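**Student:** Quick one: structure below, then a few questions.
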Amino acid sequence: MLEGAKSIGAGAATIASAGAAIGIGNVFSSLIHSVARNPSLAKQLFGYAILGFALSELIALFALMMAFLILFAFRFFSKKGKLAGAPV
């Protein structure tokens, strides 16, 4: 029962990866439109696009970290909140 709940929780945590992918697509779409309008600002706009990409990707990495924590880190705790297998 607990394993199923952890799998559902990890799956829900990875939904943020889809949002990050949409955000990255929006960042580079805006970059292409902006460079097409004003090619002389291409270098400056590319720097802003890389910053936007990094921040969007950070959300996906945090979601992946949370999914791994849900799946693997919480298995070491018993029902009483103490480490499983630790001396009492």
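The backbone N, Cα and C atoms fix where each Cβ goes, glycine too.
Since we're looking at a predicted model, the values are computed, not measured.
Just lifted these from Swiss-Prot, have a look:
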type     : residues : note
SITE     : E57      : site 'Reversibly protonated during proton transport'
TRANSMEM : 8-28     : transmembrane segment
TRANSMEM : 45-72    : transmembrane segment
**Student:** Could you list the residues of the same chain, at least six apart in sequence, whose Cβ is under 8 A from the Cβ of E57 (site 'Reversibly protonated during proton transport')?
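**Tutor:** Those within reach of E57 (site 'Reversibly protonated during proton transport'), by Cβ under 8 Å and sequence separation of 6 or more, are A20, I24.
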**Student:** Would you mind listing the long-range same-chain contacts of the transmembrane segment (8-28), meaning Cβ under 8 Å and 6+ residues beyond its ends?
**Tutor:** 49, 52-53, 56-57, 59-60, 62-64, 66-68, 70-71
